[in-house]
Amino acid sequence: MKKTAIALLAWFVSSASLAATPWQKITHPVPGAAQSIGSFANGCIIGADTLPVQSDNYQVMRTDQRRYFGHPDLVMFIQRLSHQAQQRGLGTVLIGDMGMPAGGRFNGGHASHQTGLDVDIFLQLPKTRWSQAQLLRPQALDLVSRDGKHVVPSRWSSDIASLIKLAAQDNDVTRIFVNPAIKQQLCLDAGSDRDWLRKVRPWFQHRAHMRVRLRCPADSLECEDQPLPPPGDGCGAELQSWFEPPKPGTTKPEKKTPPPLPPSCQALLDEHVL
C-alpha cells in the first residue's frame with residue numbers, strides 16, 4: 001500500500017509554536033539508577049545521562065531544544081557509532097533528537113523517543129564540522145525523490161549506507177527506521193552480507209535521517225520491548241507494499257487519544273511537576 005507523503009520539515013516543527021507537555025517542565029534528569037519505563041511511545045526514564053555536546057566524532061544539533069538526554073546505553077551507543085564512523089573516515093555524525101531529561105511525550109514531531117532509547121541521526125556526513133549557526137538551524141538533505149520511489153542518486157553515497165550498516169550491526173540496536181526508498185536502495189547495494197538488513201525498517205518520512213532504537217536494558221524491568229522484526233532481510237513483498245497504490249476506500253486513520261501513562265511515570269510526574 002502506498003503511504004501518504006508527509007513533508008520533511010515536519011521533523012523540524014518548532015516547539016515554540018506548540019503547547020508544552022508536562023514533561024518539558026522537568027529540566028534535569030530524575031536522580032536514581034537508570035531505568036527506562038514503559039513503551040517507546042508511552043513512557044519515561046529515571047537516571048538519564050546527558051550526551052556531551054562536545055566531541056571530535058559527532059556534533060549535536062538544536063541544543064537549544066534540550067533533547068540530548070537518554071539512557072546511558074544510548075549515550076554509549078552514540079559515542080561508539082561515531083567513533084567507528086570516524087575511524088573509517090566517513091565524516092562527522094550529526095545527532096538530532098534523543099529525549100527530554102525525564103523522557104515522556106514531546107509537544108510535537110515525535111510519538112516515540114519517550115524512554116531514552118531512541119535517537120535521530122542525520123543521513124549526511126560532513127567532512128567539515130558545522131558552525132554553531134548550522135547546528136542550531138540544521139538544513140536536512142532530502143535523499144528521496146519527489147515521487148518517493150527511489151533515492152536521489154546525486155545525494156546518495158556508500159558512506160551513508162556504511163553508517164546505517166554500522167548502526168544495524170550494533171548488538172544493542174533492535175530497529176532502524178528509514179524511508180522505504182532508502183531501505184530499497186540498501187537492499188540493492190547490500191550484496192551477500194544481508195543479515196543486518198533485518199533491523200532496517202521502512203517507515204513514514206525519514207527522508208533525511210534515521211531513527212535508531214535500542215533494546216530495553218536488562219535491568220529496566222518496567223521497559224516494554226517490541227517484538228523482533230520478521231525473519232529475513234525485509235527486501236521482498238513487505239517492502240514493495242510501501243510502493244503500491246492505496247486500496248479503494250482507504251481513509252486516513254483518526255488521531256488516537258494518548259493512552260494512560262505507566263503508573264511509575266505518572267508517579268514521577270506527580271512528584272516533580274503536578
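Each residue, glycine too, has its Cβ placed from N, Cα and C.
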According to Swiss-Prot, the cysteine among CYS187, CYS265 that forms a disulfide bond with CYS235 is CYS187
Check each residue in the chain of CYS187 (disulfide bond) that is at least six apart in sequence and keep those whose C-beta is under 8 Å from its C-beta; list them in sequence order.
LEU197, ASP233, GLY234, CYS235, LEU239
Sparsest Cβ surroundings (other CB atoms within 10 Å) among the disulfide-bonded residues CYS44, CYS235
CYS235
Here the Cα-Cα span from HIS150 (Zn(2+) 2 binding site) to CYS44 (disulfide bond), rounded to a whole number of angstrom, reaches 36
